[in-house]
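**Q** Please see the structure below; I have some questions.
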Amino acid sequence: MARAYRLGEDLGTGAKCVKFLINLASTPSMAVVPTAVELCIQAAVDDPVGEARWQSWFDQWLLELQSAGAVELTLRLTDDAEIRRLNARFRGVDAPTDVLSFEFEADDTQALIAEEPLYLGDIVVSVPTATRQAREFGHTLEVELAWLAVHGLLHLLGWDHPDEQSWRAMVTQQARLLKGVNVVYDWPSVYPVG
């Protein structure tokens with residue numbers, strides 16, 4: 001499939017890309033809706049979660065979000081230097097952040113919709129920032145990475161939080177999705193609204 005990654009040359013330097021296919025059609029609850037998720041994990045830093053856990057999480061999240069059809073996305077685990085560079089380049093903020101999402105943009109939307117798998121975009125997570133936040137918020141790094149990954153996934157699917165109401169709706173959805181993979185995140189006391 002020909003596509004122009006939003007991050008293009010930014011992804012791939014020194015990173016191993018591990019792809020695996022999640023066949024959601026084999027899941028009993030989705031037997032009627034054939035769905036597959038191709039997840040590409042690029043780890044520029046050590047991956048504290050592991051491929052099997054990422055696979056399980058994205059599998060369950062997209063099942064719960066009732067994603068139909070085949071989709072593909074990239075998860076990039078990186079450091080503060082790289083995410084700071086991306087944040088400055090794409091958001092004009094010269095500082096590291098925890099997670100960035102880059103929805104796939106296509107000139108020909110109809111051609112994109114006809115392709116399978118449908119490429120959703122890229123999620124980039126800073127593991128050092130996630131480590132600091134996990135320590136600050138009093139939970140494990142795995143919990144923080146799950147929170148950030150599902151936040152990025154929701155952005156790829158069109159969710160946003162420009163105001164308090166949309167923020168609350170989005171973090172409520174994140175908490176629900178995390179509960180589905182047995183990850184407990186006490187967001188009301190951890191993240192401020194906004």
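We number each residue from 1, going along the chain as drawn.
Just so it is clear, glycine is given a Cβ too, placed from its N, Cα and C backbone atoms.
Heads up, here are the entries from Swiss-Prot:
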- H151, H155, H161: Zn(2+) binding site (BINDING)
**Q** Do any residues at least six apart in sequence from H155 (Zn(2+) binding site), in the same chain, have a Cβ closer than 8 Å to its Cβ, and if so which, in order?
**A** S101, E103, I123
**Q** Go through H151, H161, our binding-site residues, and report the one whose Cβ sees the most other Cβ atoms within 10 Å.
**A** H151
**Q** Determine which residues of this chain, when H151, H155, H161 are set aside, have a Cβ within 8 Å of the centroid of the Zn(2+) site's Cβ atoms, and list them as they appear in the sequence.
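**A** My list of surrounding residues reads V99, S101, G152, L154, W159, D160, M170, Q174.
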**Q** What does DSSP call H155 (Zn(2+) binding site) in the simple three-state scheme?
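**A** Once the DSSP labels are grouped into three classes, H155 (Zn(2+) binding site) ends up as helix.
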**Q** Tell me the coarse DSSP state (helix, strand, coil) of H161 (Zn(2+) binding site).
**A** coil
